[in-house]
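S.K.: One structure, pasted below without further comment.
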Amino acid sequence: MSPAAKVSEFHREGNNWFCKTGLSSDITVIVDDVKFHLHKFPLVSKCGKLARMCEESKSTYKKALWTTVLEEFPGGSETFLTAARFCYGARVDFTSKNIVSIHCAAEYLDMTNEYGEDNLITQVETFLHKHVLRSWKDCILALQSSSPVLKSAEKLQTIPKLMNAVSTMVCTDPSLFGWPMMMYGTLQSPGGSILWNGINTGARMRSSCSDWWYEDISYLSVDLFRRLIKTMETKGIRAESLVGAMVYYARKYLPGLGRWQSRTSGTSKSRTSVVSFSFATASSSSSMSPVDQIALLETILSLLPEKRGRSFCKFLLCLLRVAFILGVDGNCVKKLERRIGMQLELATLENLLILNYSDSETLYNVDCVERMIRHFVSSSSSSELSDFSPPSLDAEMSPSSLAPLRKVAKLVDSYMAEVASDVNLKPDKMRSLAAALPECSRPLYDGLYRAFDIYFKEHPWLSDKDKEQLFNMMDYQRLSIDACAHASHNDRLPLRVVLQVLFFEQMHLRTALAGTNTETAHALTIPGREIVQRDGWVTVVRQNQVLKVDMQKMRSRVGELEEEFQTIKQEMKKRVSKSVSSPRLVKMGCKFLLPRASDAKNDTVQGSVSSTPRSAAAEHALPRSSRHSKHRKSFSFFG
């Protein structure tokens, strides 16, 4: 009777395994420093590798007991014990957790049908195809357990088979693959019924959504996750779904990423649509080391498609923040800055406020934002990146329009106003931020003026020279009338800047006044049929009277500005005469054109008939009235 027929049990004594068969052991197999005292016949009859090794060492075997060491055995001593039990005829229970390692061990030992009918390899492959590859849960568990034997399983094509099966299930209706589908998530009935095989399970019906598989694949290792995403790409799974899985995986293991995402998009108890990339915080906390987290971040960045979208841009900014925390190398940071810069018009102010985690004195990482701005300017972002479907951009933001550029300018002005309160921020950083965008990006310079004004308020020790250098970045002609009125009473501005602002404020008012007179004169030439439509002469006369009042207010404002300008000139002359050595007044590069009394007379409307009412529009366009005082209190323009 063979030893296999007499086998009763395997038992362990310290670091040694023994098989009780009634016969003494004649083979010792060492796996990972664990010794297995076994018998030649059951092993050699099933394992081709051991049979060849025994044949090659016949001379040695005759003299003494045969001892062999199996180097790099897949699965370790536990898996070899399973294979040994099979050789002795013991029952082996195949599960989704051990099937991959047993398959690798059987292949390592060459346990084919050549060395026994229905050998271990045949049984493993039968179980794999009939049970594991047909079940979502078993496929995920098999992939999870394959990490220790990944190299061996790759040679056997076991991992590609499992990944192809998982990808196919993701592409297909989940109701076709049994219930429940999710291992770690909420139990659900994919068919929409709470009855399963006629039994009331008590599970709630839940609508099938495209992100049901995110939670399960998030338990895979980084390498397996990367390979699974690549396999899904070849299967044609939509980029939005793949990015959603990456976001969910990253939020689970990268520090703080889930908190930043939830703060901006809102935390939800259940996962939402994959298109918006807004997900609930992952249930399990991060257990990765900083080195593994850096590897994960670099892997996620390499997998992300060259796409654009509002939430996608926000996710990239969150990754950049994590990269600074973990101290990722410069290449990874540069890639993130480039990709964010190419769609910077989709970013928000809150996400741009990245704290400075280095030894820099400034509170916020201004250099990083400046680099992203320059990436945006130097790249044709709208044409290089394609949108997610449905599109995340507004319809009017066509590649050829200036809307993205102007939106970034508005965002940068808001960012400068936010970081201006940092007392350690140097003036040259403010100038660099302001100069990073071209002049055509700002139709109005009100936002930049507001940022400079806040900067002056928080840095009262700045010299007039530094202030003038900052204001040289602005185009005074692109300040609105309200901004000019605010600047003309701002005691934080240098005197030269105030004079320039006053000059351009007068130009604005003269232009507005001339435009109003032109429109009124043009209205007089319109045929009388328009007057009939306005209920006759009574309506026209009333509108003309209102227009005269508005024009009188404008002339009053121009007169006030003339008086203020003359007063400032007199004060400047007095200061120059008192301090000849350091004159305050610098010759200006523009010629002051003061309105004359004759100009005001020529602007008077001749005649009392008008056919087009302009009083309502003019009243909104004209500046508010001011007090007739030399030292008027400045009003808040940005309050």
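One is the number of the first residue shown, and numbering goes on along the chain from there.
Cβ coordinates are placed from backbone N, Cα and C, and glycine is handled just like the others.
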S.K.: Which of these ranges is annotated coiled coil in TrEMBL: 264-291, 544-571?
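M.R.: Here TrEMBL associates coiled coil with the stretch 544-571.
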S.K.: Summarise the model confidence on the coiled coil (544-571) as a single mean pLDDT, whole number.
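M.R.: Summing pLDDT over the coiled coil (544-571) and dividing by its length gives 74.
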S.K.: Quick check on the domain 'BTB' (25-96): DSSP residue counts for helix, strand, coil, in that order please.
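M.R.: Reading the DSSP string over the domain 'BTB' (25-96) gives 32 helix, 14 strand, 26 coil.
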